[in-house]
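Taken from TrEMBL, the feature active site, nucleophile applies to Cys2. Taken from TrEMBL, the feature active site, for Fru-6P isomerization activity covers Lys594. Residues or ranges marked as domain 'Glutamine amidotransferase type-2' by TrEMBL: 2-217. Annotated domain 'SIS' per TrEMBL: 283-422, 452-589, in sequence order.
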Amino acid sequence: MCGITGYIGNDRLAKQLILEGLRRLEYRGYDSAGIALGGEMFEVVKRVGRVERLAEALEQVEESNIGVGHTRWATHGKPTEQNAHPHVSADGRFALVHNGVIENAEALKQQYVADVEFTSTTDTEVIVQLLGKFVADGLDVSDAFQKTIQLLKGSYAVVCLDRQNQQTLYVAKNKSPLVIAFAENSTMVASDEMAVSDRCHSALQLEDGELAIIQPTCHMLRTLQGERIDREPYELQVESMTFDQGSYAHYMLKEIEEQPNVVCGLAREYMNMHGQIELPLHLSEQLANASRIAIVACGTSYHAGLVGKELFERLARIPVTVHYASEFNYYTPLIEDGTLFIFISQSGETADSIAALKKCRANDWPTLALVNVKHSTMAKLADDVLLLHAGTEVAVASTKAYVAQVTLLSLIAGSLGRLSGMYETFDMTKQLAIVQYVMYEAFQMQSLIRQTANQFVDAKNVFILGRGLDYAIAQEAALKIKEVTYIQAEAYPSGELKHGPIALIEDETPVIAIISNKRTADQVRSNIAEVEARGARVYVLASEGLEQPTDWLTLPATHPLFAPLAMIVPLQLLSYEIAQAKGLDVDKPRNLAKSVTVE
């Protein structure tokens, strides 16, 4: 959940490029940040809070040819300067940054370095103190680093620099992502391709259980046993333009307004000029052979999976189950022959989803990953991969990635429906075009949504109701409100209110009700009357033809199966506007990280 950058070069650009990388990685965690730069003595600077506080503290610090940086999301130890990375060995020789969780940190501390005075309460510090001890015992640095890494249990991406050899970085990886990127006279290391400089032209991903020794213009990969590894770098394509907010106040608003283009782009990517869905041949065969689908995901991606379930069952008449990845790893599901597992993740680095994917691989269950990052761990592990093509999503609260996931699931379901002959007459091109139109109509309502947001500023609880797919929309809307406004928002199937939740309704409790389907509209209206009778303040979001004069917002109608793509937009905007009205940091909400890389 933390972000790492490292730089080594023949020029003195370490401070500049590491800070640039940390800014790009801040979505992974922003409790604290720190940097260590080479020199006669390490220049180690740490600050609690955002990267900009660190940048201010570094203004008078000289540049260097080598350094490591870190932005932290606290797992072990409070967010303090003492616990911020980099950590330095007791003798001052080594500085190290780490992303992950060392499960045996306390045991290693007691066994090997009990006599060392630790300066933090993190699990990370034991790594650098072990390295210092083994070098003091007579091992050369590369052997000491290898021995240290061999002792670790858990997840880690580690980058270390040596004050006595400032032409080398030492790197290791297990269960936490790490990429090495190459420029003309320098090399960078980072948790994510997003963090590397635009100067870099190629890269390679470290695999689990690998070490690397990196110098400005060369590198060597090894296994944990010391065996040499040969791997060719791939061409690096970093979408640097997507880091520009343009005229937008926040990335979240920019990404909400990019959603029609995301839908259009996916249609162009996976449909031909005749409006037919074209998927890779091997995947089409895999889909045709599937008798059941299991979707595995977390958070927003899980909510996309709930929509996917309805899409597959309605368009292709194939049964679907949806699993939380974090729960899937701890029970033994009954898996029928012919089940295809679909994993959904924006980053492709979600730790719980990776663990579940590995479980499927171990059982030889076929897998498909829907991810936004081509070289991500999940993309490499799955049997098949389809990219979301959403562009870089910077705001921690996901918006356009959700729309991309639902759109891609609709295309897969439509393809499977045509393969099976279940849904031959469905015009996917037309439906996606309508979705884009309705999204643009929702953008025109932002002024009204902003006025409404002021009525939520003092709310402690919000309830969001819907039936069928509207309940799936409600779940994603509730998550958005929780994430960026810090209001306790709960989604319920409106028919379940009488089974307990209605006890929480009192005067002025805000209730949002979603009505996009004629089949369930009357029942939802009845449930609205029940909460109004108990004093609730109700905001109805309805599709044209189902609206009433007192409703909050009315959107042009879509096919009910595509309502989750259109109806979510005003609710995303409402979340954004409430957070704005409360003066909160919309793009970087408290306690959250965008890429959850620890279980």
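Each residue's number is its place along the chain shown, starting with 1.
Quick reminder: no glycine exception, Cβ is built from N, Cα and C everywhere.
Taking the domain 'Glutamine amidotransferase type-2' (2-217) as a whole, pLDDT averages 92 in the prediction. Mapped onto DSSP helix, strand and coil, the domain 'SIS' (283-422) counts 66 helix, 27 strand, 47 coil.
Across the domain 'SIS' (452-589), the DSSP tally of helix, strand and coil residues reads 69 helix, 28 strand, 41 coil. Following the DSSP three-state reduction, the secondary structure of Cys2 (active site, nucleophile) is coil.
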